[in-house]
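Have a look at the structure below, then the notes.
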Amino acid sequence: MTISPPERGSTAKSQVEKVDNPATFELFGKPGHFDRALAKGPKTTTWVWNLHANAHDFDSHTSDLEEVSRKIFSAHFGHLAVIFIWLSGAFFHGARFSNFSGWLADPTHVKPSAQVVWPVFGQEILNGDMGAGFQGIQITSGLFHVWRAWGITNETQLMSLAIGALVMAGLMLNAGVFHYHKAAPKLEWFQNVESMLNHHLAGLLGLGSLSWTGHLLHVSLPTTKLMDAIDAGQPLVLNGKTIASVADIPLPHEFFNQDLIAQLYPGFGAGIGAFFSGDWAAYSDFLTFKGGINPVTGSMWMSDIAHHHLAIAVLFIVAGHMYRTNWGIGHSIKEILEGQKGDPLLFPATKGHDGLFEFMTTSWHAQLGVNLAMLGSLSIIVAQHMYAMPPYPYMAIDYPTQIGLFTHHMWIGGFLIVGAAAHAAIAMIRDYDPAKHVDNVLDRVLKARDAIISHLNWVCIWLGAHSFGLYVHNDTMRALGRPQDMFSDSAISIQPVFAQWIQGIHAGAAGSTAPNALAGVSEVFNGSTIAVGGKVAAAAIPLGTADFMVHHIHAFTIHVTVLILLKGVLYARSSRLVPDKANLGFRFPCDGPGRGGTCQVSAWDHVFLGLFWMYNSLSVVIFHFSWKMQSDVWGTVNADGSVQHITNGNFANSAITINGWLRDFLWAQAAQVINSYGSNTSAYGLMFLGAHFVWAFSLMFLFSGRGYWQELIESIVWAHNKLKVAPAIQPRALSITQGRAVGVAHYLLGGIATTWAFFHAHILVVG
């Protein structure tokens, strides 16, 4: 910790400026008001593309960093308003169109639904039998499981949440207008990182987690304990009354009665006194460290989750008191950064992290790049935890939801990480001043970029040739009828020994790292099979040769994605081919006439290519997950305890050839979507075809050149002129960059929607 000099202590002056900047629709209603050229109105059809490209590119509106910061800040409130409206819609559907109460009464037999299709021209066929007499569309978002975990017991509570979320949306919209048009923060407020860290860590994460712990302890714990007892067929008694159904459960506010909640958790009887006297063991019945999962619901123990949030709250409240603001104590981020000088042997950057503080507080693109990389990685980590440590009741046996949440969080993470590279490249072009970064860490990385990229390229070639080589070998041997010469568990075995060792460490650690834990951290690490309602909720995930092979395909595709994105960032400002890239900007088609071979070299083009490889990588990941779980984990548990897996364990023998992936995964599991017509999953059949069409449509933009279209358009304009119906706005072909943008958007949209329909139609039928 560093003690600040006295002059740093007086920063308590107002950091908000009163502005009179009326929010007038006269201005907003004028298209392109933010750009002098666009405000003149359209002369050619290119105008509408430029309008969309620049509407949110605040850097292009003004070079005033304070004004840009205020626009971003205001836009965040608008974004939050949209999120609250979206949440309200989810709550409203749960309140008005769902079988939530029916699902709560029998979660192992009733399927969740929150949408009922009205008959217009026969689409009521989409309403499937959800059980308990309810007809609707099955949802796979996991909302019912989350709501049960919160302690929501009826639709009235959901309607209250729907109304509350709309009120919050209104407040957010109001805040967005107020903090731009009436009282706007000054630039120094946006750059006051210590204050921001203190408030976000202690307030948002610390007090937020503490508040959530309060809800979990006082509402979720008693409510879910009563529901679990009902589901287990052993209802509990409260005040002499048997709680035999969800309707009998007391309302949340009734649990503020200490005597009532103490009948479920005696620790509540100790009151707040035990906290101040240090007798924390009195609370050990509701702040637990059990480990494993609840055998009734197949989810983590609610008392473990409450304990976790309490620990998080304590950590973050402490963390939120570490940074120096108006008082002369605490850390200064600038001083911490400037104290890092780099290892003289491994990384000889004599200036270390000098200049980084200024770069990160004046380049919001740089800051956003870091944040997107972190958040994207976090989303991918969430995807893994949804099945390994299921947090919500009965979610583990809702296989469509499990596949849906895994796929969703993987793709969200992928898009955010590509976005991180995009904004890092924009930061390098618009915000990086080489004169301010001499021999610091950024400068050293840029000086070493040839070594970094060529090594990464070598790694990609090695991984690609070897991982694909294993598959080519196996396909050849199987084609020639020589199974004994294949890489497989039963022939030439290549076991993933490192991964198996890590599984073993996690399985064995439970007794030593957490002495009082009753079970390991997750059943996937050599654990036992947990059955809920006759279905597998969690089980050990055995790894073999097939996993070793596909994991190296993962390594290959991820490294290629990183190669493309990192090359885009490191060569954003200049390269041997185009030394003046920084002057050409983030996106440009080619380096002008007479410079052949310089097309598709901009930082934007690297993001464009990175998106395809991100999609490539994650398609293999979600296919691997989907097939592996159906083959080796998910299934029904027979009376004798044996498990009938959905695809009968065919992964180990089929996933070791390319032909096996095509035949036993893609083709075999497409049976449901291809044969869905005439059934309640027929919408997925239509989506499957429609999304294929959108995907194919993208190829038209990706495979053809701009000149072809310009030539075609000119002949069409000639025909219009002949008929005297020529438009006032001159039609022009899309630019190369615009065409590629339209192409990649439809490629990803078509690919993702195709995969969605393929997964859903299959798992809704067999899962």
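Placed from the backbone N, Cα and C atoms, the Cβ positions cover glycine too.
Here Swiss-Prot flags Cys590, Cys599 as [4Fe-4S] cluster binding site. All chains included, 13 other C-beta atoms sit within 10 angstroms of the C-beta of Cys599 ([4Fe-4S] cluster binding site).
A simple way to gauge crowding: the CB of His692 (chlorophyll a' binding site) has 15 other CB atoms within 10 angstroms, across all the protein chains here. The chlorophyll a' binding site annotation in Swiss-Prot covers His692.
Tyr708 (chlorophyll a binding site) falls within a helix when secondary structure is assigned with DSSP. Its Cβ taken as reference, Tyr708 (chlorophyll a binding site) is surrounded by 10 other Cβ atoms within 10 Å in the chains shown. Per Swiss-Prot, chlorophyll a binding site is recorded for Met700, Tyr708, and the stated evidence type is sequence analysis.
Feature annotation from Swiss-Prot assigns phylloquinone binding site to Trp709. The C-beta environment of Trp709 (phylloquinone binding site), restricted to residues of the same chain at least 6 apart in sequence and closer than 8 Å, consists of Ala733, Leu734, Gly739.
According to Swiss-Prot, the feature transmembrane segment maps to 72-95 (among others), an assignment based on sequence analysis.
Sequence annotations record features per position, and here Swiss-Prot assigns transmembrane segment to 158-181 (among others) based on sequence analysis.
The transmembrane segment annotation in Swiss-Prot covers 197-221 (among others).
If you look up Swiss-Prot, you'll see 305-323 (among others) marked as transmembrane segment.
Residues 68-69, 72, 395-396, 402, 405-406, 408-410, 412-417, 419-424, 426-427, 430-431, 524, 538, 629 of the same chain lie 6+ residues outside the transmembrane segment (364-387) yet bring a C-beta within less than 8 angstroms of a C-beta in it. Among the features that Swiss-Prot reports, transmembrane segment is placed at 364-387 (among others).
If you look up Swiss-Prot, you'll see 403-429 (among others) marked as transmembrane segment. Cβ atoms under 8 Å from those of the transmembrane segment (403-429) belong to residues 140-142, 359, 363, 365-366, 368-373, 375-380, 382-383, 386-387, 561, 565-566, 568-569, 572-573, 581-582, 585-586, 603-604, 606-607, 610-611, 614-615, 617-618, 621-622, 625-626, 629, 752, 755-756, 759-760, 763, 767 of the same chain, restricted to positions at least 6 beyond its ends.
Annotated transmembrane segment per Swiss-Prot: 451-473 (among others), in sequence order.
Away from its own ends, the transmembrane segment (548-566) comes close to residues 417-418, 421, 452-453, 456-457, 459-460, 463-464, 466-468, 470-471, 487, 494-496, 499, 606-607, 609-610, 613-614, 616-617, 620-621, 624, 655-656 of its chain (Cβ-Cβ under 8 Å, at least six residues beyond either end). According to Swiss-Prot, the feature transmembrane segment maps to 548-566 (among others).
The transmembrane segment annotation in Swiss-Prot covers 606-627 (among others).
Residues or ranges marked as transmembrane segment by Swiss-Prot: 681-703 (among others). Outside the transmembrane segment (681-703) by six or more residues, the chain places 123, 125-126, 128, 672-675, 734, 739-740, 742-747, 749-754, 756-758, 760-761, 764-765 with a CB less than 8 A from a CB of the stretch.
If you look at the transmembrane segment (741-761), the same-chain residues 6 or more away from its ends with a CB under 8 A from one of its CBs are 140, 400, 403-404, 407, 411, 608, 611-612, 615, 619, 622, 626, 669-670, 672-673, 676, 681, 684-685, 687-688, 690-702, 734. If you look up Swiss-Prot, you'll see 741-761 (among others) marked as transmembrane segment.
Counting every protein chain shown, the number of other Cβ atoms lying within 10 Å of the Cβ of Cys590 ([4Fe-4S] cluster binding site) is 16.
The shortest Cα-Cα distance from Cys590 ([4Fe-4S] cluster binding site) to any of the binding-site residues (His692, Met700, Tyr708) is found for Tyr708. Counting only residues at least six positions away in the same chain, the Cβ atoms of Gly743 sit under 8 Å from the Cβ of Met700 (chlorophyll a binding site).
Taking the C-alpha positions, the distance from His692 (chlorophyll a' binding site) to Tyr708 (chlorophyll a binding site) comes to 25 Å. Residues 149-151, 252, 255-256, 261, 264-265, 286, 302-303, 305-306, 309-310, 312-317, 319-323, 325, 333 of the same chain lie 6+ residues outside the transmembrane segment (197-221) yet bring a C-beta within less than 8 angstroms of a C-beta in it. The two recorded residues Cys599 ([4Fe-4S] cluster binding site) and Tyr708 (chlorophyll a binding site) have their Cα atoms spaced 17 Å from each other.
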